[in-house]
Amino acid sequence: MSAVAERRASDQTAAPRGRIDLHRVAKTYGQGRLAKTVMEDCSLTIEPGRLNVVIGPSGCGKSTLLRLIAGFDQPDAGAVTADGSPVRGPASDRLMVFQESALFDWMTVYENVAFALRAAGRGSRDIAPLAKDVLERVGLAAFKEKYPGQLSGGMQRRVELARALINDPAVMLLDEPFRGLDAMTRGLMQEYFLRLYADNPRTVVFVTTEIDEAILIADRLIILSNVPARVRWLVEIDLPRPRTVATLYEDDRANDIKREAIEVLHEEAMKSFRGAFRERASKEAVTAGSK
Amino acid sequence: MTEIDAKALGADGAVRTASAFPPTPTTVARRPFRASPKLPLSLVGFAAFLLAWHLAVEVWRLPRFAKLPGLVEVFVEWTSTDPMYGVSLFTAEYYQHILVSLKRIVAAFSAATLLGVPLGLLLGWSQRFREYVFPVFETLRPVPILAWVPISIILFSGAETSVVFLTFIAAFFVTTLNTMTGVQSIDPSVVRAARCLGASPRQIFRHIVAPGALPHIFTGLQVSMGVSWFSLVAAEMVSGEFGLGYLINTAYAKIQYPTIAIGMITLGAVGYASSALVRLVGARLMAWRLREIGVGR
Ligand SMILES: Nc1ncnc2c1ncn2[C@@H]1O[C@H](COP(=O)(O)OP(=O)(O)O)[C@@H](O)[C@H]1O
Ligand SMILES: [Mg+2]
């Protein structure tokens with residue numbers, strides 16, 4: 001148990017790790033006529049020790065951004081650096097929680113969490129107390145012998161959070177972690193996540209498509225443009241904590257931010273439609289000219 | 001929280017498992033029915049089959065069926081202490097045939113599993129290895145088992161080894177291919193998640209790839225068990241002394257028709273039991289799958 005206490009203490013005293021910089025990053029998928037430029041000349045900074053929320057129209061490259069930060073993909077141009085050194089591949093201090101569930105179905109809740117410890121090279125004597133501690137923190141101690149398939153969607157997400165937290169990564173990358181949950185569970189998970197975060201602060205990049213969720217959670221809100229992704233608008237969410245959906249509803253500042261963010265998002269989302277119209281119009285012009 | 005979670009369980013659990021299993025929201029209440037095989041219904045099925053056999057051969061004497069051994073004739077021969085053609089439940093020879101066939105199956109099936117599963121895991125895991133080996137594999141796989149007979153006889157002196165070899169060959173291809181498919185069916189984000197957690201390639205292979213492929217491996221092993229019996233009997237008919245295939249073939253040559261039926265029924269029973277055994281081992285190793293759909297606890 002003392003190992004856990006020590007680790008938590010060091011969390012609070014050490015300077016925040018996990019600054020991420022993207023410098024003029026470009027990323028294109030596919031080749032030739034199928035090539036799709038998802039990012040172009042994209043520069044942004046993820047501030048260490050804060051909750052950075054990334055929001056943008058669907059398909060704009062949010063997951064791509066996380067994959068680049070995690071090191072699963074390499075940029076075609078520009079650079080991604082973590083605490084000053086270039087990201088060359090996945091590392092256990094930058095932990096990604098995937099958009100789709102990625103629990104190991106053949107392991108119990110406890111084994112899922114313990115696997116993370118073993119993968120990080122922990123001695124077998126540490127594993128039991130650390131796993132027990134993290135499962136208590138996410139309120140799943142009573143479910144440790146269950147298999148993921150036996151849990152509800154909300155509980156599965158909490159197991160993923162536990163598994164992500166247990167090795168104390170400097171950076172946590174969360175790709176729409178609450179997508180697919182019903183509204184009620186989602187609200188509870190958001191509150192839950194904020195409480196968990198308050199006890200375990202670190203650098204977080206949280207991707208979402210829900211503006212309410214973004215404002216509820218964020219220290220810093222990054223709105224991406226339509227594809228190819230660039231930072232379109234960046235705003236400090238300096239609202240007091242703890243926040244709840246109810247307090248934000250009545251908060252003028254929160255509503256101002258929300259209104260402005262929705263306008264920007266709407267404008268960006270419309271671009272993909274307008275882009276399509278323009279393309280069609282120009283094609284029609286070409287065919288008309290050739291007649 | 002738990003109340004909400006419990007509510008979400010139904011809808012969400014059903015969605016998650018819909019691809020592999022039909023949703024079974026009420027399995028807990030209906031468990032006694034599901035847990036026991038549907039014995040009464042299967043008995044009706046058996047009874048109908050036996051009745052049809054009896055009627056076609058011995059009662060109605062349908063044109064082409066008249067020469068076949070009848071149900072009563074076979075039953076009398078099978079349970080006789082002094083069988084007309086020398087093989088019944090009360091003769092040592094009967095059990096010797098079963099035992100010899102079983103030994104060959106165990107040898108061939110074990111060898112096919114011990115070689116096929118690791119090979120399949122490697123084929124699925126390493127693209128490099130697959131590029132070298134898979135084309136050869138795919139060229140050899142369609143060669144029918146009977147086409148292997150001459151080679152196996154030339155290769156191995158003595159009938160015994162060549163019979164086991166032929167049985168092995170068929171099972172080996174099935175097991176390997178299914179294992180490879182199993183590895184390839186693993187969700188890439190699960191492997192990525194493990195990499196993200198810092199797992200070494202060794203750990204990923206042992207704890208993610210192998211168990212993740214297990215459902216496909218066991219599907220393969222069941223098919224492989226069936227294919228083993230199939231090729232064993234073919235091989236025993238071609239070359240071999242003793243064994244159920246040999247028994248059937250010699251009974252045919254000696255016009256001992258009831259013995260043919262005894263051999264076939266025995267093959268069916270032993271084959272069924274061996275597949276059931278594979279299923280049982282699979283269910284033991286994949287408790288997580290059963291629990292996922294709510295059967296068993
Ligand atoms: N591996 C890939 N190959 C080809 N296209 C891809 C790939 N990954 C993403 N894309 C494309 O890049 C765009 C952005 O994808 P993604 O980053 O997943 O968006 P988001 O997460 O914001 O919805 C999409 O149009 C998608 O089709
Ligand atoms: Mg995405």
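The chain as shown is numbered from 1 upward.
Placement of Cβ uses the backbone N, Cα and C atoms for every residue, glycine included.
All TrEMBL annotations are machine predictions without curation.
The domain 'ABC transmembrane type-1' annotation in TrEMBL covers B:98-278.
Annotated transmembrane segment per TrEMBL: B:39-57 (among others), in sequence order. For the transmembrane segment (B:39-57), the list of distant contacts is 65-66, 68-72: same-chain residues at least six beyond its ends, Cβ to Cβ under 8 Å.
For the transmembrane segment (B:105-125), the list of distant contacts is 133-134, 137, 164-165, 167-168, 171-184, 205, 209-210, 213, 217, 220-221, 224-225, 228-229, 232, 274: same-chain residues at least six beyond its ends, Cβ to Cβ under 8 Å. Residues or ranges marked as transmembrane segment in TrEMBL: B:105-125 (among others).
Under the heading transmembrane segment, TrEMBL lists B:145-174 (among others).
Long-range contacts of the transmembrane segment (B:227-248) within its own chain (CB-CB distance under 8 A, at least 6 residues past either end) are made by residues 87, 96-98, 100-101, 104-105, 108-109, 112, 145-146, 149, 153, 159-160, 162-163, 166-167, 169-171, 174, 259-260, 263-264, 266-267, 270-271, 274. Residues annotated as transmembrane segment in TrEMBL: B:227-248 (among others).
Positions annotated as transmembrane segment by TrEMBL: B:260-281 (among others).
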Long-range environment of the transmembrane segment (B:145-174) - Cβ separation under 8 angstroms, sequence gap at least 6: 104-105, 107-109, 111-113, 115-116, 137, 220, 223-225, 227-228, 230-232, 234-236, 238-241, 243
